[in-house]
């Protein structure tokens, strides 16, 4: 049996930056000040549970913070202006781990609003990134999730529209929605697919290639990870059997019956250790050869850690 690894896979620069910010902060203030994170630092169960064991306190609301002398970290997904203001009023020190690519969308949305445009956001309703983007502007943003939403859209002035997108969407689905928006509203302006993060696009392109050369795809990632779910959707859309699993223990041996080539990838918030554990588990159970797909993309993007850390 052959294992073929997608390239790239796993951590993106924004996730690595957020995880590093939290790790450095925890090391700096351990036994001195409590470290809080609003929501999950990234959408990965392993990462969150590991930080919990180290003493990080994850909260769902500013109200849940009991010690104002602590440090509050905003997750990689970003937050609304209202959340920022609440933290400021509480007087707690804040370190912002928002992915710079998400912050870029925040600025785009505000710039469009300041120019008088009515805003449309392509994204998933309950995702924290979407909540953050909607909360960066003063006026309501119309949310579009599907082509049907585009058909049903009611706007004030069809000639005065702009759109932005969540960074972790399917590039194929988003392209279709943008095309539909432009057909219905020819004067709409927006970034095309530039808001979708490079890492999301690279991982999706790698999985598309992977589905052509393997019999099954195993995707390491958590169920609440948007970009991991998009990898699963891509495999399914191409008729390739695929499973999204948190780690090797979720794998069912029956999945491998009659399989010669296994493709493995990982969402942008899944650490390398989980891929390594899956490979080792497979090696123990079956005779395997491991290789990396030959035409993958090497990523060299790095984001700076804020000076407060």
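Here the Cβ of each residue, glycine as well, is placed from N, Cα and C on the backbone.
Just so it is clear, the model here is predicted, and its values are computed rather than measured.
The annotation in Swiss-Prot ties 99, 197 to [4Fe-4S] cluster, and of the candidates under consideration, 12, 235, the one tied to the same site is 12.
In this record, isopentenyl diphosphate is bound by 43, 77, 127, 225, 226, 227, 269; the longest C-alpha to C-alpha distance in that set is 15 Å.
Under 8 Å, Cβ to Cβ, and six or more positions away along its own chain, residue 167 ((2E)-4-hydroxy-3-methylbut-2-enyl diphosphate binding site) finds 99, 101, 102, 105, 129, 195, 196, 197, 200. Around residue 127 (isopentenyl diphosphate binding site), taking its Cβ as the centre, 17 other Cβ atoms fall within 10 Å, counting all chains. Residues near residue 269 (isopentenyl diphosphate binding site) in space but far in sequence (CB under 8 A, at least 6 apart, same chain), listed by position: 11, 12, 15, 42, 43, 44, 47, 76, 221, 222, 225, 227, 228.
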